[in-house]
Amino acid sequence: PLLSQIKLNVILILNTTSPKRYIRRQRRRHSPVLQVGCNAIIGDQNESIATQFEEICKEVPKKLGAFYRFCRPHTIFGTIIGITSVSLLPMRSLDDFTTKVLWGFLEALSSALFMNVYVVSLNQLYDIRIDKVNKPSLPLASGEFSVATGAVLVLTSLIMSFIIGIRSRSAPLICALLISFFLGSAYSVDVPLLRWKRNAFLAASCILFVRAVLVQLAFFAHMQQHVLKRPLAPTKSVVFATLFMCCFSAVIALFKDIPDIDGDRHFGVESLSVRLGPQRVYWLCINILLTAYGAGILAGASSTKLFQMIITVFGHGLLGFALWKRAQQCDVENKAWITSFYMFIWKLFYAEYFLIPFVQ
């Protein structure tokens, strides 16, 4: 009878909605034998919960790391620094830094970041086979994320970007998001008349227009016209930023294909590196940037304000020298070296945005 009672109680425990509460109640009624069985059940349950918790603790950092790589952080940093720098250009005094201005800036930045994630993740979604050759560590190429997960992240990023943009009611911001959406989609989507990344000129044009023209002019107009409610009047800083970033964006568009030449050649992507060879494209990019830094020195020297002149002349001279010095160590055939140099170019890109507000 005692054994039958134990079995009955175990069945009741497994089917009750609150096993622990039931066990505590039964402990007061039944023999020590049942208490031993109940303690064993609680121990197994606690051990199972602890094991699941440990697995979750191990899995969460992995997924966050994969998401970080999925977002292509060097482009995210470029967007944050670029939009922040351009948003400062319309400011005339400390009185302009109000809560309304901060909110307008955050609307622009957050919507742009979501659009940035949409563009880079869409490209990964259509480039899984190529990335298995060129960038096997990316989450979709490595299998850390499924295609379905990638598609959900792409769609979510796009929706969030447009929700924020539309709620802002800023014509320049909405226009920037629409153009970025169109060019980012045309660059990657593999349907007739699109997939512009196959063509070297169209691919470079997409990146150049977004990074050089759209970021400078649209976000400047958003802050100047929509947020500060002032007439749209381009300044020397924003004109210089647009022209300088045309050079920089062209270099980024060309240089990013040098490490990817094997996969691009295999899958029929006619990048300039595939057509001309990596060595010629490498030195073309270096010469474009050195010319841009020379123009930056001249623009700084033309300033009527001594402090701004010193900062811009010295800053562009220092960055140009750092580029020239590192470029002499050229090893184009070494993929690790050329990838490292590509990231160095992105660091120069970030640094330039710290100099742009001083061009006056």
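Cβ atoms here come from the backbone N, Cα and C positions, even for glycine.
Because TrEMBL annotations are produced automatically, they should be read as predictions rather than curated entries.
Per TrEMBL, transmembrane segment is recorded for 70-89 (among others).
Summarising the annotation, TrEMBL assigns transmembrane segment to 101-122 (among others). Same-chain residues lying 6+ beyond the ends of the transmembrane segment (101-122) with a Cβ under 8 Å from its Cβ atoms: 70-72, 75-76, 79-80, 83-84, 87, 91, 150, 153-154, 157-158, 160-162, 164-165, 167-168, 170, 173, 176-177, 180-181, 184-185, 187-189, 215, 219, 222-223, 226-228.
Residues or ranges marked as transmembrane segment by TrEMBL: 143-164 (among others).
If one looks beyond the transmembrane segment (170-189) by at least 6 residues along the same chain, the residues whose Cβ comes under 8 Å of a Cβ in the stretch are 104, 107-108, 111-112, 115, 118-119, 122-123, 125-127, 158, 161-162, 195-197, 202-203, 206-207, 209-210, 214-215, 218-219, 221-222, 225-227. Residues annotated as transmembrane segment in TrEMBL: 170-189 (among others).
Tertiary proximity for the transmembrane segment (201-223) is limited to same-chain residues at least six positions away from its ends with a CB under 8 Å from its CB atoms, namely 78-79, 82-83, 86-87, 89-90, 101, 104-105, 108, 112, 170, 172-173, 175-176, 179-180, 183-184, 186-187, 232, 234, 238, 241-242, 245-246, 248-250, 252-254, 271-272. According to TrEMBL, the feature transmembrane segment maps to 201-223 (among others).
A Cβ distance under 8 Å defines the sequence-distant neighbours of the transmembrane segment (235-255), meaning residues of its chain 6+ beyond its ends; these are 85-86, 89-90, 200, 203-204, 206-208, 210-213, 215-217, 220, 272-273, 281-282, 284-285, 288-289, 291-292, 295-296, 299, 342, 345-346, 348-349, 352-353, 356-357, 359-360. Annotated transmembrane segment per TrEMBL: 235-255 (among others), in sequence order.
According to TrEMBL, the feature transmembrane segment maps to 281-300 (among others).
Per TrEMBL, transmembrane segment is recorded for 306-324 (among others).
What TrEMBL lists as transmembrane segment is 336-356 (among others). Tertiary neighbourhood of the transmembrane segment (336-356): same-chain residues 74, 77-78, 81-82, 84-86, 89, 237, 240-241, 244-245, 248, 251-252, 255-256, 258-259, 278, 282, 285, 289, 296, 311-312, 315-316, 319, 322-323, 326-327, 329, selected by CB-CB distance under 8 Å and a gap of 6+ residues from either end.
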Next item on the list: Give residue numbers and ranges for long-range contacts of the transmembrane segment (281-300): same chain, 6 or more residues beyond its ends, CB-CB under 8 A.
Entry: 240, 243-244, 247-248, 250-251, 254-255, 257-258, 272-273, 308-309, 311-313, 315-317, 319-320, 323-324, 327, 330, 332, 338, 345, 348, 352, 355, 358-359
Checklist line | Other parts of the chain folded back onto the transmembrane segment (70-89), taken as Cβ under 8 Å at six or more residues beyond its ends | finding: 105, 108-109, 112-113, 116-117, 120-121, 124, 138-140, 145, 150, 153, 211, 215-216, 219-220, 222-223, 235, 237-238, 241, 343, 346, 349-350, 353-354, 356-357
